[in-house]
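What follows is a short report on a single structure.
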Amino acid sequence: VFILIEDFSKAMSQAGSSQFQEVIRQELEYSMKIELDKILATASSNELEHTKKDLEGFKKLFHRFLQEKGPSVDWGKIQRPPEDSIQPYEKIKARGLPDNIASVLNKLVVVKLNGGLGTSMGCKGPKSLIGVRNENTFLDLTVQQIEHLNKSYNTDVPLVLMNSFNTDDDTKKILQKYSHSRVKIYTFNQSRYPRINKETLLPIAKDVSYSGENTECWYPPGHGDIYASFYNSGLLDNLIAEGKEYIFVSNIDNLGATVDLYILNHLMNPPNGKRCEFVMEVTNKTRADVKGGTLTQYENKLRLVEIAQVPKAHVDEFKSVSKFKIFNTNNLWIALSAIKRLQEKNAIDMEIIVNPKTLDGGLNVIQLETAVGAAIKSFENSLGINVPRSRFLPVKTTSDLLLVMSNLYSLNAGSLTMSEKREFPTVPLVKLGSSFTKVQDYLRRFESIPDMLELDHLTVSGDVTFGKNVSLKGTVIIIANHGDRIDIPAGAVLENKIVSGNLRILDH
């Protein structure tokens, strides 16, 4: 059925009869089923079982995609969350810790979302293997943090990595280097779903292979896939059998997402005796966070609302810092027994995110995804905890990398903390231009990382390099126009400076 997705939406909205809509839907689903059966027929006997599971999961998502049209929230039903549904972290910390904190820790599993590649930073392979501090990668720091916990409290907190088909092989190779560390490491794989042609709404893959020219035909369907994949892997049941009760889930590139004993204690020993099945760490929005998902009250449940779900007329309102003051850090604490119960009832409800992509050859495709935090409304007794900004330290770009590599942070047992020498706790705003996007270009342009303890704002654009031991203070803007080059000399101190034009330091 060759039908443009826009035309499909239009036809759906204009169609007088729901019968007509149903016919189109059924034809699209039938065509999809035929294509998926063809793909499944190319699977070898050892691929068959997991490919079948993946395609079944995809079929359910595609069915829902055809049913649901338009923004998935009714703006009129959105309310501010009740006072007690988002607790300040200070209140939770004030309860202190019990003497038996080790026995509480032994009920915890740390899960890191490790499906992403380093392509946005110009790196090949898993993002978790990019060096972020003193040659340590994201994965090194994670293992160091958990090892430190296990040694300090004589506990056995395991690390679970949710890999994707993009990151699994490389990650498994590197895991051998931790074989003597005091952390048990497990992995499981996200599903692998077919990308679909935006015009025909059919898969672009012709067979199950995903190497060579077929790499672009498949995608991992977002971190909302964790519930089904974790359950299907058998690991969820094994951990429950070992007496584990909660997982702490976070993105592997969020260097602020360390195990917090106060939150864990609040979960295991709730003040009112009623345990939470799901806790989302939120933090206060700044102007830089206007697109982050926010927690609202919706139909008497806490609900995560993402910008993609907001009707166009209300996007500015959604972005306002005064109305929606917090956003989701994607640090989540979830009860294992609740995941098992909901997964078995097929009762985890997450909105579909339609992610449009243009492939290298110019073909427009869409991939259907879900987000892990969106499931909050399916769990009982959910809670938001408003945590300090220091628990949200994501490294998405080389601008973020510059911050975490600098003397703004001290590294201790795998954890980064803001240096005590910085007089105010806010993080400087850093914007590095396109010449710095790729990690190797970025590293080449800094002979050493500048002193940034007194920096408020840095903007760098164009062909700029930094010598050794440069100090940046206040607001510094460095702009090399097209064709010009600026070399900041070794030992330079730039305080509230705008540097532009052409500055070549040949000898000094």
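Note that Cβ sites are derived from N, Cα and C of the backbone, with glycine treated the same way.
Pulled from TrEMBL, these are the features on record:
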- LYS127, GLN190, GLY222, ASP253, LYS396: UTP binding site (BINDING)
- HIS223: substrate binding site (BINDING)
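A map of TrEMBL features onto the structure.
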| residue | record | CB count, 10 Å |
| --- | --- | --- |
| LYS127 | UTP binding site | 24 |
| GLN190 | UTP binding site | 27 |
| GLY222 | UTP binding site | 23 |
| HIS223 | substrate binding site | 24 |
| ASP253 | UTP binding site | 22 |
| LYS396 | UTP binding site | 14 |
Given the binding-site residues LYS127, GLN190, ASP253, LYS396, find the one whose Cα is closest in space to the Cα of HIS223 (substrate binding site).
GLN190
